[in-house]
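Asker: According to TrEMBL, the signal peptide annotation covers 1-24. The domain 'Plant heme peroxidase family profile' feature in TrEMBL is assigned to 25-327. Marked as disulfide bond by TrEMBL: Cys35-Cys115, Cys68-Cys73, Cys121-Cys323, Cys200-Cys232. Under the heading site 'Transition state stabilizer', TrEMBL lists Arg62. Marked as active site, proton acceptor by TrEMBL: His66. Per TrEMBL, the feature substrate binding site maps to Pro163. The Ca(2+) 2 binding site feature in TrEMBL is assigned to Thr194, Asp245, Thr248, Asp253.
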Amino acid sequence: MGSMRVVVWCALFVMHAGFSVSNAELSPTFYSQTCPLLQTTVFGVIFRAYLTDPRIGASLVRLHFHDCFVQGCDGSILLNNTATIESEQDAIPNNNSIRGLDVVNNIKTAVEIICPATVSCADILAIAAEVGSVLGGGPSWSVPLGRRDSLTANRTLANQNLPAPFFTLDQLKAAFAVQGLNTTDLVALSGAHTFGRAHCSTFISRLYNFNNTGNPDPTLNSTFLQILREICPQNATNNNLTNLDLTTPDRFDNKYYSNLQHLNGLLQSDQELFSTPGADTIALVNSFSSNQSLFFSNFIVSMIKMGNIGVLEGTKGEIRLQCNFVNGDSSGLGSVVSKDSKDNLIAQSK
């Protein structure tokens, strides 16, 4: 089975237009000798969480995305505030929004028992994203591994690099281009919004005062608009949640794209892919809507490509013993509990 998945990965590498070769020398077999039970262990921890929290798969995909877009896929998003680190968790796109930190810590604890000081938190995030896809009914792939963990975080870069839910198509393309990702990657990775939730704060401007016009977004289906206004009245708390996917909210499928075709995209940044006049993304949305297998194959390649962004290898960085703080920084221990408690208590965006 493992060799078959590698063959499939190679075939998709060829299929994906514009897939540039990364300098990263990651391998799906990186831990085959040093931690052979890694994949099984990660899956087990996430599956147990999934039984009581069906949103966790979407949350873990998003956590990997938000890690990779800020100084690369290095686990920097997991670092808590310390005397020397300003946590990316408090950046505007992440604050009261990212979820799954407690699950990642549980995975790390389990992995440390079987393979001490061996597996990076950055690799755990990459594996967890794949498991999240699978648990939602989405594609599986052999995750290239061998990343090491950062010694730093960058809150400023998180505020700068992470795409906002109100971005136009040009802004989205620019944000992805900075990461070496192209238009196909943009449309394929946006398909992860086929499951999960979002706060009213991320789309309420579309409902009442789009671009300061005093009117709703004209690219929002009128029936969907009324549904969303009931969930997010003008005087509502911005912490109210709704499904990103109107039709199959907890399934990883291609319904996200048919939603866009019917003007039922929740976020402006979603609907922009289909409703921007003359956009080259429209054909991709139509293709993925009509062919789920095509979407899945492109999603796999784009996830692998994203997972290669700015990775640390060899002697760079470290293998953290606890994902929330760098090795030797015991000041991070006190904040682990508070961050996990916050993650469990606050209703968050995915």
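Placement of Cβ uses the backbone N, Cα and C atoms for every residue, glycine included.
TrEMBL labels come from automatic prediction, so no person has curated them.
It should be emphasised that the depicted structure is a prediction, and the values quoted were computed from it without experimental measurement.
Map these features onto the structure and tell me what's around them.
Answerer: Contacts of Cys35 (disulfide bond) defined by a Cβ separation under 8 A and a same-chain sequence distance of 6+ are given as Val111, Ile114, Cys115, Thr118, Val119, in order along the sequence.
Listed in sequence order, Ile77, Glu88, Pro93, Asn94, Ile98, Ala158, Leu162 are the same-chain residues at least 6 apart in sequence whose CB falls under 8 Å from the CB of His66 (active site, proton acceptor).
The 10 Å shell around the Cβ of Cys73 (disulfide bond) contains 29 further Cβ atoms across the protein chains shown.
A simple way to gauge crowding: the CB of Cys121 (disulfide bond) has 30 other CB atoms within 10 angstroms, across all the protein chains here.
Listed in sequence order, Phe69, Gln171, Leu172, Ala175, Phe176, Ser269 are the same-chain residues at least 6 apart in sequence whose CB falls under 8 Å from the CB of Pro163 (substrate binding site).
Using a 10 Å radius centred on the Cβ of Thr194 (Ca(2+) 2 binding site) and all shown protein chains, the other Cβ atoms total 27.
In the shown protein chains, 23 other C-beta atoms lie within 10 A of the C-beta of Cys232 (disulfide bond).
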Asker: Please report how many Å separate the Cα atom of Cys121 (disulfide bond) from that of Cys73 (disulfide bond), as a whole number.
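Answerer: Computed Cα spacing between Cys121 (disulfide bond) and Cys73 (disulfide bond) is 10 Å.
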Asker: Give the number of CB atoms, excluding that of Asp245 (Ca(2+) 2 binding site) itself, located within 10 Å of its CB.
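Answerer: Neighbour count, Cβ to Cβ under the 10 Å cut-off: 25.
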Asker: Determine the Cβ neighbour count for Cys115 (disulfide bond): the number of other Cβ atoms within 10 Å of its Cβ.
Answerer: 16
Asker: Restricting the comparison to the recorded positions Arg62, Cys68, Cys323, which residue's C-alpha is spatially nearest the C-alpha of Asp245 (Ca(2+) 2 binding site)?
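Answerer: Going through Arg62, Cys68, Cys323 one by one, the Cα closest to that of Asp245 (Ca(2+) 2 binding site) is Arg62.
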Asker: Taking just the CA atoms, what is the gap between Arg62 (site 'Transition state stabilizer') and Asp253 (Ca(2+) 2 binding site) in Å?
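Answerer: Cα to Cα, Arg62 (site 'Transition state stabilizer') and Asp253 (Ca(2+) 2 binding site) are separated by 16 Å.
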